[in-house]
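Peer 1: Quick one: the structure is below, and I'll ask about it shortly.
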């Protein structure tokens, strides 16, 4: 056993070294700073979501997105007490590599001009979105893969994410500023696919998500607070137009509030526990922001955002109670963090809502937007 552990550590060390050298070489060959004035560059690219943005807006948006990708998602998996702080460490490891790899892969598809990748605030935010999707995927397989396998999963996940994003946003012209489809739905179902491949029958008897300790709930509290503070900026970071940003922020906040109340409606009915656990509120919060990913910049209306958030908030408790056991027993899919209930299904609901609103849109209703 000690020899196996030592071998695993050496494998991780060697893989990290090789991947970092690879990215350094590719950065040296292709990556350059983007021009200060990016409007000309954007006009020649297929996917440029920050068109003619003032630098004063770029820094707060970058901050919000970057904090969510690194700190927010890291803390959101720390509630798994049996894995302790190791989950957060793995999240940082995945994020550190995913950001570099995503700048390269997305750069070849979206920011490639005259033989070079032009890296700037926009490309880094796009890389953070990709990192968020990969971190969602890892939530489905935590506890069943080692750090080496997690890095390999990240290597593949970033490539597939970039291709999926290119098809949806560039070729099909889908507007998905908050990532209902590209981030949440892709991340959830890519993770579930990997989970199915790695199915281990003996783990069905483990209750990985059950932990009554104080420390995991502390992390869930902090992670949920970060969602409330910074996710509206995450949703509005890549709105197609500047004047759509207030809609995205307001719709996300209203959805957050309604999804949280939805949990308090269902949890006392579905569970015999006397008190709600913070991780359940965390799941409802994630569902509420996920459903606004595509529709956030659209005219949802305030009451519509409340309805969408309330419906999304009902999904996690119902999913964990009725759907998760079916996925585990019938489809042989083990979902450690419940990403199907928290990201997958709310992401599909958000995509349907965005599609409906796009179909109902009129020039009179949206004006210059």
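Don't overthink the numbers, they just go from 1 along the chain as shown.
Cβ coordinates come from backbone N, Cα and C, glycine included.
Where the annotation comes from TrEMBL, it is an automatic prediction and has not been curated.
Keep in mind it's a predicted model, so treat the numbers as computed, not measured.
What TrEMBL lists as transmembrane segment is 12-31, 65-85, 92-113, 119-143, 150-169, 219-240, 252-270, 303-323, 343-363. Annotation source TrEMBL lists domain 'Ammonium transporter AmtB-like' at 57-361.
Please go over these features one by one and say how buried each is and what sits next to it.
Peer 2: Through the fold, the transmembrane segment (92-113) approaches residues 16, 19, 23, 26-27, 30-31, 34, 41, 44-48, 69-70, 73-74, 119, 122-124, 126-128, 130-131, 134-135, 138, 147, 150-151, 154-155, 157-159, 161-163, 165-166, 170 of its own chain, all at least 6 residues removed from its boundaries and within a Cβ separation under 8 Å.
Counting only same-chain residues 6+ beyond the ends of the transmembrane segment (150-169), those with a CB under 8 A from a CB of the stretch are 12, 15-16, 19, 46-47, 49, 90, 93-94, 97-98, 101-102, 105-106, 109-110, 130, 133-134, 137-138, 141, 175-176, 181-182, 186-187, 190, 194.
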Peer 1: Cβ under 8 Å, sequence separation of at least 6 from the ends of the transmembrane segment (343-363): give me the contacting residues as numbers and ranges.
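Peer 2: The answer is 136, 175-176, 178, 180-181, 183-185, 187-189, 192, 286-288, 290-295, 298-300, 308, 311-312, 315, 319.
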